[in-house]
């Protein structure tokens, strides 16, 4: 700052080469000019403090403000140059003979140009006009400095600004980006809009917390409404806003849960798929099954002769059953009503009559529930539309009674077994015959399959169970029963269960030729004309990929079993009383009920007749203590 502003140095000025002291008039003008300069400095510093809060900006602005007080120094330099008449040029508001201190700072080129323009105009200014002009010049220079600073920030973008922009991109993709710009928009009068509850000129600390967008929006809405509320109305409004916010949070949480399925749940499903493909999936639910209430067992009657076979639709809504009278009935599980009945006809009328004209021994339904297949003693296989019970096609080719049928899971490929000791493969979708497989030495009494391109059969009196590998046209032979093997079913891709007329129940692994476990006289013995004979096992059922099994005979009950220790143990669970020959058993896909086909006679013959039995369908509800346990991977067998 120049010496004449501080008022502490001697004022000297040299005119025409001689030194002279300032007179009283010059001293009075210098004091007046110093007072004006000090007031201008205070005005400018006041404006600066209002516009900027950071200390580094205040220091920079104060340095810029100091340049305003060198305006008179520049006028002195111009005054040294002689005018047109050879005399020194007089500067506005400063004596021509005033000495300028040698330590005055150099002013900016912009201020010098503006000062020269003002000097050329030679307009006399009042002190107030001069203050206003200098303040405008200072503000203009500040604006230019801010523009230059902004350009530098755009060229060199700081890392934290890049992070903020990346954060904004992520929020924008999730639909949660909300820029708070409405509060900074000017009002109708052109002045900045003041935020509700805060003065427009109030200083805000740099470490103050940013309010949430939801609260800001509500505060602005409340300010725009400008409605006087009673305390009760205010409480009600705030309560509604709080409930709305809770509802939105719950919706967002639900959407996130749907989008991001828990990793452990995905892992469990993948584990189940792998175990199922390997044939090692076993859901442990048998220990939780409760004995059913006999009063809750529903009996559906409609067949005139013994029921020989039945199947349940994949969605567990319908039951299809067939009988020795050749009839076919479709039942509704929930109501027990007969939705469709196809009566049996006389032998030789198959072409004119829609249904079978002889005993129906077996049936199967495709995994998509589209096709139903039935086989009879008259060597015919009939294909039906499962929805309408309309006959679609008849397959011929077997030379004896058709005793076993099964669809390969996930396809319309059909396997059939017959008393002619062969297995045939059909393509139902194309109404085509594929091939025939030979191997059994006696009649085939049962057949089953899953998703692999293979099937298993029970060989009756030849005492063998066989696994047929269709692509390789090869077979594996298993033996262990001593009597005729009358029924068989797969538990999973690697294990199966079978029953024989010697009363034995066998559990097999496809990698071993002998049973993993064999239970003899599973249903006990009967006294037949003084001879003790075991009750024949006439039907077996397995809940897929679980440890729950069921067996039927004419002993007066259906037995439930638990398979444990890696399918190496069979444990009897409970008995369900049923009178008659249990010719067929099926679990529902969900495992919540068991269906039994009851008859007065055995499915394959008339060795005994139980007169007190009813030819019917029995639906047995199954209840569990708790939810089934998680899957277990049994050891290799």
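Please read every residue number as a count from 1 along the shown chain.
Quick reminder: no glycine exception, Cβ is built from N, Cα and C everywhere.
Marked as compositional bias 'Basic and acidic residues' by TrEMBL: 16-33 (among others).
If you look up TrEMBL, you'll see 70-80 (among others) marked as compositional bias 'Basic and acidic residues'.
As annotated by TrEMBL, region 'Disordered' applies to 1-33 (among others).
Residues annotated as region 'Disordered' in TrEMBL: 52-133 (among others).
Taken from TrEMBL, the feature region 'Disordered' covers 177-233 (among others).
For 300-341 (among others), the entry in TrEMBL reads repeat 'WD'. Long-range contacts of the repeat 'WD' (300-341) within the same chain: residues 355-365, 367-369, 372, 374, 376, 384, 386, 388-389, 581, 583-584, 586, 588-590, 592-593, 595, 597-601, 603, 614-619, each at least 6 residues beyond the stretch ends and with a Cβ under 8 Å from a Cβ of the stretch.
Remote same-chain partners of the repeat 'WD' (353-394), defined as residues 6 or more beyond its termini with a Cβ less than 8 Å from a stretch Cβ, comprise 308-315, 318, 320, 322-324, 326-328, 330, 340, 342-347, 400-407, 409-412, 414, 416, 418, 426, 428, 431, 447, 603-604. Annotation comment: TrEMBL describes 353-394 (among others) as repeat 'WD'.
Annotated repeat 'WD' per TrEMBL: 395-436 (among others), in sequence order. DSSP states for the repeat 'WD' (395-436), grouped as helix (H, G, I), strand (E, B) and coil, give 0 helix, 24 strand, 18 coil.
Look at TrEMBL and you will find 437-478 (among others) tagged as repeat 'WD'. Proximity of distant same-chain residues to the repeat 'WD' (437-478), defined by a Cβ-Cβ separation under 8 Å and at least 6 residues beyond the stretch ends, is recorded for 362, 400, 403-410, 413, 415-425, 484-490, 492-493, 496, 498, 508, 510, 512-515, 544, 604.
What TrEMBL lists as repeat 'WD' is 478-518 (among others).
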Exercise. Tell me, what is the mean pLDDT of the repeat 'WD' (478-518)?
Worked result: 93
